[in-house]
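Novice: Next up is a structure, given as structure tokens.
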Amino acid sequence: MAPLNITSIKTSSNGVWQGDNPLDYAFPLLIVQTTLILVVSRFLAFLFKPLRQPKVIAEIVGGILLGPSAFGRNKTYMHRIFPSWSTPILESVASIGLLFFLFLVGLELDLNSIRRSGKRAFSIALAGISLPFICGIGVAIVLRKTVDGTDKVGFAQFIVFMGVALSITAFPVLARILAELKLLTTRVGETAMAAAAFNDVAAWILLALAVALAGNGEGQGHKSPLVSIWVLLSGIGFVIFMMVAIRPVMKWVGRRCSPENDVVDEAYICLTLAGVLVSGFMTDLIGIHSIFGAFVFGLTIPKGGNFAERLMERIEDFVSGLLLPLYFASSGLKTDVAKIHGGEAWGLLVLVISTACAGKIVGTFAVAMMCKIPARESLTLGVLMNTKGLVELIVLNIGKEKKVLNDEMFAILVLMALFTTFITTPTVMAIYKPARGATAKTNRKLGDLSTSSKYDSVVDQLRVLACVYGPGNVPSIISLIESTRSTKKSLLKLFIMHLVELTERSSSIILAQRARKNGFPFFNRSSRGEWRDRLSGAFQAYSQLGRVSVRPTTAISSLSTMHEDICHVAEEKRVTMIILLFHKHWRMEADEDDSGKAQEVLENVGHGWRGVNQRVLKNAPCSVAVLVDRGYGNGSHTPGPNATVAQQVCILFFGGPDDREALKLGERMAEHPAVKVTVVKFVEKEGANGNDNVVLRRSSSTTSEKRYSFSTAKMNPQHEKELDEKAMGEFRIKWGSMVGYIEKESGNVVEEVLAIGKSGDYDLIIVGKGRSPSIMVAELAERQAEHAELGPIGDILASSGHGVVSSVLVIQQHDVALTEEAPLSKVIDGYDKAEGSSRGKELSVGNDNTV
């Protein structure tokens, strides 16, 4: 094939109708390449997800598959889709993404937190760099004598590149792995992140040294040794200039763009983006790679402010989602595994991998043991610090570009980086399990609590875990907690968990760093601790008003595993009740068309959060309450420690364990002088059904979310009825005239319940989920559920369009006997109305209750 003059390549074609093939033109071909890379890398990321592998693995493997190692063996495909003339274009676009990504990495790296990390993290990082670097020198000597072509490269350049390639830890990739494994806020995760941050800074210094020494790589020609010194000195001068001159300017810009100053910051953002490009150009001018300039410029931006967050919002999705995969894939495209041929070459690959792993793990393990870290945690730290990634690939690409690494060496080192990162997650999962809390006495439900003794002194403390999405949830949670706070000597302990979804956005790493300071499982035990956000600040202010001890924490996790964090904290902190927020939230807003009226506005945080609630309800180690918020806690109805205005609370009682738990919560609320409790007990109207039993059958429908789930456990209905009567009797004897009591004969349960919800007489309605249903609740099994996880009564009150104005609290009592649930539907005359079938196991509610 004749050599192609790249200057003759045109940007866009005239289209197929005029005889042009778009793949012969730069821009259409770039679109095809980008689309192909994204599709393949995303598909591989999906395949690797069960293995909890970072996305970078999928992107590199995708590039290798698309390159000469696999699909590229077909020369027609390679010349058509990835011709040699298109490589500089693809890499230029990828390099822009890399430039801005490294700016984001610099933006995330908090130098102050690194300084505060202490000697332990510094020692571990130093050992994690030094020993692999020394090992890299030894490997480099062996490779120069073995691999053809490596002896043509300058000895110093080759040694430095090999040492850097083996000693790097990938800070962003490590943060992602720690978050996935839920180790981010453990002692191991905290130490690993601090050491990796030290390592990252050292890696950039070593990289600058390597590039300065490399020059033109192979065939140094007439280059003077003084050139490397000038490059290094210029690089140091550039860093000093950025920190002394540019950093104060960026701090001023950050202050100007703070929420307190109502300034349009579009111009500042554009100038900052231009600053990234100029900084990259300056370091390229000096002779150091342009990404170094972008990274240093990122360090000058003030951390944690509004300006930094705005920058991330503008850059990261486009860069991380579209441009950065091109860079990783281009590394894979340049990797030809076929260059590693023969037993000797594969032996060298094993040698490089073994040396890299041994140097990193042994060095870290030895120093960690000297720092008196337990052996298992020390070994885990070594494996975590062995994570490779972004900087590793940058080093290898620069080495190939400068001709310090030939094709065979490049392939060996890329496979080494892939292998060491790939084994991190499974190895850590195998060798390290975070220590669980001591198995102290745990009150699993409100009924387990001894509220008072003979002399009215408190025996048990109520411990509650409340999960919130953001500051908007604060009023309703505070109002609910305050209404349950006993005004006696008891001290309510409240654990607040801020739920943050772990996404692929790099800003998740910043959130994770913040969470370290008071995150799970390290709750803030010091009154002098920093309350970093409005959410924690609001609960701190509340804790100072009443006899409530508040501990904040943050859970950063993907939605599919968020329930594990919630249940683990509930178990470890021995909480009696978990409070969840319903995924739908209603608030009242003034109608713009008619100022005299207010209209209800629905906010939905998403179906993913609904799934979190469902999984917590299924796996919780204690009782669970789901709050359907319709403005509860807003305005004058919020009870305070000295409040005199009564908050109206209604408990709907049908019978069963869940309803008895609701009654127990009502007992605590009745103690509060600012809360007026009313119990509405529903009793079956005699002869209403003409039948003492309601038969339910397991639903075979695939749409189980549209069916209510009931417990399939065999229970004695007579015993349950006695327990209901006993609970209600004790409640009325204890509180007498202090609480309202209404008994309703239910003709139509749905209409009666909706009438209470629409009346506006109550701020909060408390209902049981009804997993072991009474006849009245079982009658509702034939209804199509909108929110099956709330049970029939809770669903009626939570569904939109019914005009219900009261907030609703749905309670599920912790009872091991009721954990087995199944979607059930009502059977009429032996025929399942919903399913159109007369087969299946049955559950009879009434005089007999068996499956």
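Any Cβ shown, glycine's included, is placed from N, Cα and C.
Keep in mind that this is a model prediction, so the values were computed, not measured.
Just lifted these from TrEMBL, have a look:
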DOMAIN    41-428  domain 'Cation/H+ exchanger transmembrane'
DOMAIN    492-635  domain 'Cation/H(+) antiporter central'
DOMAIN    648-814  domain 'Cation/H(+) antiporter C-terminal'
TRANSMEM  25-44  transmembrane segment
TRANSMEM  56-72  transmembrane segment
TRANSMEM  92-109  transmembrane segment
TRANSMEM  121-143  transmembrane segment
TRANSMEM  155-179  transmembrane segment
TRANSMEM  191-215  transmembrane segment
TRANSMEM  227-246  transmembrane segment
TRANSMEM  267-297  transmembrane segment
TRANSMEM  345-367  transmembrane segment
TRANSMEM  410-432  transmembrane segment
Novice: Taking the transmembrane segment (56-72) as reference, which of 25-44, 92-109, 121-143 has the most Cβ pairs under 8 angstroms?
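Specialist: When the Cβ pairs under 8 Å are tallied, 25-44 comes out ahead.
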Novice: Would you say the transmembrane segment (267-297) and the transmembrane segment (92-109) are in contact under the rule of three or more C-beta pairs closer than 8 Å, pairs 6 or more apart in sequence?
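Specialist: Yes; at least 3 Cβ pairs under 8 Å.
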Novice: Compute the average pLDDT of the predicted model within the domain 'Cation/H(+) antiporter C-terminal' (648-814).
Specialist: 81
Novice: Are there residues at least six beyond either end of the transmembrane segment (345-367) with Cβ under 8 Å to its Cβ atoms? List them, or say none.
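Specialist: For the transmembrane segment (345-367), the list is 123-124, 126-128, 130-136, 138-139, 142-143, 146-147, 166-167, 169, 195, 339, 378-379, 381-383, 385-386, 408, 412-413, 415-416, 419-420.
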Novice: Where else in the chain does the transmembrane segment (25-44) make close Cβ contacts, counting only residues six or more beyond its ends and a cut-off under 8 Å?
Specialist: 9-13, 55, 58-59, 61-63, 65-66, 81-83, 86, 89-90, 93, 322, 325-326, 328-329
Novice: What residues elsewhere in the chain lie close to the transmembrane segment (191-215), defined as a C-beta under 8 angstroms and at least 6 residues from its ends?
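Specialist: Residues packing against the transmembrane segment (191-215) from afar: 105, 109-110, 113-114, 117-118, 120-122, 124-126, 128-129, 133, 154, 156-157, 160-161, 163-164, 167-171, 174-175, 178, 183-184, 223, 227-228, 231-232, 235, 287-289, 292, 295, 364, 368, 373, 381, 384-385, 387, 391, 394-395, 398-399, 402, 404, 512-513, 516.
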Novice: If you count every Cβ pair below 8 Å, which range out of 121-143, 155-179, 267-297 shares the most with the transmembrane segment (410-432)?
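Specialist: Per the Cβ under 8 Å count, 155-179.
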Novice: Below 8 angstroms Cβ to Cβ, which residues of this chain, lying six or more residues outside the transmembrane segment (121-143), approach it?
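Specialist: Tertiary neighbours of the transmembrane segment (121-143) are 150, 158-159, 162-167, 169, 191, 194-199, 202-203, 206, 348, 351-352, 355-356, 358-360, 362-364, 366-368, 370-371, 381-382, 385, 409.
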